[in-house]
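J.: Below is a structure I'd like to ask you about.
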């Protein structure tokens, strides 16, 4: 595997031949990918307990990814979620050790050990950072939502949830949480966090992922049935909530594992258990770009802060159990072309109700 540049020609798990293959991605499943809001620094969380970091450079269409740091959760407990602080100097993570941890970037050993800032009674499935209050939010399988001040040992706020957290997302002052039982709860974090609304998922089956709109007017939720729901929190003139089918091949239905919004255009990507990446425009209800299927499931993906780089993981998501394990774990970075992701005036095929 090359440390710099593109993967070997014909790699069946890359979207395009020019995608950069990230070195040292870890030896176990990749659970999350996050970009720094201030620089091209990429972080991954893995089932081997590793939290890995790369410095990414892009020039003239060429991408280089260089390992910058790696730390491990206690007892190598799987990392399930990660996020950056607003200034990009800290990474927060949660996982199967039931702890919320903080890692200070740029620290040399022995000071680069993640510090525990919070805990749950069950594994931590999601973490997020609230810029306006500098609070870290965590959601766990203990059906609790907790808010943490990094300087205190006890949570500054706790909400009881109807079920276990499957995913959460924060954008500006909007926090959305998807739980078991198809519950979705939205919170207003502009001051003291408070519940804004709750509803049942517009999708019939288990929620898998959730992501806030870049303008914080709503969210997109994906499910195990190969559908995405687009929901506005309040009525918006000329726009309506709807759901559409995706990540389906003939009679086969695949899970929507991740939804990532482009920071500039407001369009978004979905990735799934079918090994497919699609770019979508929710406003015009059209598919912008469909890539050829890769040979592994894609568990997660993320755009960088500028929207010109798209990181995605090629790693088994256990959607078919232990009898259909797909060995190997890779992370790729795709150089996003503007015509792949920007809105188009002419409607194209792709949305199926």
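Using N, Cα and C of the backbone, Cβ positions are placed for all residues, glycine too.
Note that the structure is a prediction, hence the values are computed from the model and not measured.
In case it helps, TrEMBL gives these features for our protein:
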- 30-57: repeat 'WD' (REPEAT)
- 117-158: repeat 'WD' (REPEAT)
- 256-290: repeat 'WD' (REPEAT)
J.: Return the average pLDDT for the repeat 'WD' (117-158) as a whole number.
T.: 97
J.: Residues of the same chain, at least six outside the repeat 'WD' (256-290), with any C-beta under 8 angstroms of its C-beta?
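T.: Here the qualifying positions are 13, 15, 208-215, 220-224, 226-228, 230, 239, 242, 244, 246-249, 296-303, 305-307, 310, 312, 314, 317, 319-320, 336, 340-345, 347-351.
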